[in-house]
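Enquirer: Sharing a structure, written as structure tokens. Questions coming.
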Amino acid sequence: MKLLAIESSCDETAAAVVEDGKTVLSSVIASQVEEHKQYGGVVPEIASRRHCEAISAVVDKALADAGETIHSIDGIAVTYAPGLIGALLVGVNYAKGLAMASGKPLIPTHHIRSHIAANYIAHPKLKPPFTCLVASGGHSHIIEVQDYTKFRVIGRTRDDAAGEAYDKAARSMGFPYPGGIYIDRAAQLGDPDAYKLPRPSVEGCPYDFSFSGLKTAVINTIHNAKQKGESVDVNNLAASFQKAVCDILSDRLMKAAGELGHNSIVVAGGVSANSGLRARLAEECEKRGYQLYLPPLDLCGDNAAMVGAQGYYEFLAGVTAGLDLNATASLPIDCGYGEDAYA
Ligand code: KG4
Ligand code: ZN
């Protein structure tokens with residue numbers, strides 16, 4: 001089964017053709033990041049406009065690269081939640097137009113589920129159940145993936161997402177948006193024990209995260225040094241911050257995997273590209289005899305191939321939408337399409 005997949009939840013307009021949830025026949029990504037960089041973050045209104053401008057060409061190229069047409073594919077998967085509402089609406093409406101014109105099924109797909117599904121593409125033998133860490137710019141969760149479309153949230157961030165903490169800490173260090181990759185690079189040149197930074201925990205919730213105190217500690221370190229006329233060693237501060245984030249993420253993930261009794265550990269989302277996190281989790285999993293699955297770097301960030309992967313499993317589970325499909329800015333991962341998130 002070949003799906004055309006469309007993603008427009010944030011600042012990447014992406015389309016892909018994916019066969020049977022695993023084989024990527026094409027994947028096209030038009031990133032707006034250079035434009036948002038000058039504002040230090042994603043400007044939602046600009047994101048929507050750029051999606052409108054890019055989407056036709058991106059979808060056409062994805063179909064052409066795969067040697068397909070809208071008539072030869074079997075369905076259209078689209079990210080409908082969560083994300084920037086104006087950005088999501090562009091992809092959703094474009095997909096609805098294509099579905100109406102072609103008569104192909106329309107498959108609403110959850111963005112975070114898709115991040116996890118990137119791993120099915122990269123690791124064809126991977127099957128649920130497994131314990132998963134999702135760490136992106138908007139989300140940080142520990143999730144029990146019980147089946148391809150069945151999820152249980154074990155832990156979550158109480159404030160900033162891991163990627164958001166990276167981006168805010170990076171900004172205070174003088175790096176451009178999105179700063180995760182810049183901290184990652186600087187951290188490789190620094191001493192991770194140079195600065196003492198906190199590892200906040202949430203009392204009574206062993207799998208939850210809190211990153212805002214850590215982010216504030218970085219900002220305060222820089223501010224205090226400035227006031228005293230001292231300089232900050234950015235590489236050392238980046239390395240110390242990265243070590244703290246890795247300590248927190250790996251602690252919660254290993255605890256959850258132990259509790260759930262899973263041998264397979266999966267990581268997903270933009271922060272899964274982090275070199276320190278990848279190395280640290282490889283080490284921790286090896287110690288415990290766990291099998292670690294990480295997406296390749298080109299599937300860590302936002303893309304539509306992962307939407308084609310998850311969309312396939314949603315379709316197999318009977319999930320399709322009518323032309324009344326709407327976008328939803330926030331939706332828990334364990335809430336399926338058409339279910340009441342707050343029931
Ligand atoms: O999954 P993603 O592309 O978009 C969302 O769905 O949010 O994640 C983007 C996030 C940004 O916060 C970015 O700084 C972070 O992933 N990121 C990284 C790295 N590469 C991207 N964070 C740490 N280290 C990296 N190498
Ligand atoms: Zn994402």
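Residue 1 is the first one shown; counting continues down the chain.
Just so it is clear, glycine is given a Cβ too, placed from its N, Cα and C backbone atoms.
Pulled the feature table from TrEMBL, pasting it below:
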type    : residues                                                               : note
BINDING : His111, His115, Asp302                                                 : Fe cation binding site
BINDING : Val134, Ala135, Ser136, Gly137, Gly138, Asp167, Gly180, Asp184, Asn274 : substrate binding site
DOMAIN  : 23-308                                                                 : domain 'Gcp-like'
Enquirer: Can you grab the distance from Gly138 (substrate binding site) over to Asp302 (Fe cation binding site)? Cα atoms, rounded to a whole Å.
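Expert: About 12 Å separate the Cα atoms of these two residues.
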Enquirer: In the structure shown, which of the binding-site residues Gly138, Gly180 has the fewest Cβ neighbours within 10 Å?
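Expert: Lowest Cβ count within 10 Å among the binding-site residues (Gly138, Gly180) is Gly138.
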Enquirer: About how far apart, in whole Å, are the alpha carbons (Cα) of Val134 (substrate binding site) and Asp302 (Fe cation binding site)?
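Expert: It is 13 Å, counting Cα to Cα.
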Enquirer: Please report how many Å separate the Cα atom of His111 (Fe cation binding site) from that of Ser136 (substrate binding site), as a whole number.
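Expert: So the alpha carbons of His111 (Fe cation binding site) and Ser136 (substrate binding site) sit roughly 11 Å from each other.
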Enquirer: For His111 (Fe cation binding site), what is the secondary structure by DSSP, using just helix, strand and coil?
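Expert: Its secondary structure by DSSP: helix.
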Enquirer: I need the neighbours of the Fe cation site defined by His111, His115, Asp302. Which other residues of that chain put their C-beta within 8 angstroms of the C-beta centroid, in sequence order?
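Expert: For the Fe cation site, the extra neighbours are Glu7, Ser9, Cys10, Thr79, Ile112, Ser114, Ser136, Gly269, Asn303, Met306, Val307.
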Enquirer: Between His115 (Fe cation binding site) and Ser136 (substrate binding site), find the distance joining the two CA atoms and give it rounded to the nearest Å.
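Expert: Per the Cα atoms, His115 (Fe cation binding site) and Ser136 (substrate binding site) stand 9 Å apart.
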Enquirer: Which residue, of the binding-site residues His111, His115, has its CB surrounded by the fewest other CB atoms within 10 A?
Expert: His111
Enquirer: In Å, rounded, how far does the Cα of Ser136 (substrate binding site) sit from the Cα of Asp302 (Fe cation binding site)?
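Expert: Ser136 (substrate binding site) and Asp302 (Fe cation binding site) have their Cα atoms 9 Å apart.
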Enquirer: Tell me which binding-site residues (Val134, Gly138, Gly180, Asn274) have a Cβ under 6 A from ligand 1; sequence order is fine.
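Expert: Only Gly138, Gly180, Asn274 qualify.
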Enquirer: Cβ distance under 8 Å to Asn274 (substrate binding site), same chain, sequence separation 6 or more: which residues?
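Expert: Set apart from Asn274 (substrate binding site) by at least 6 residues yet with Cβ under 8 Å, we have Tyr166, Gly180, Asp184, Gln242, Val245, Cys246.
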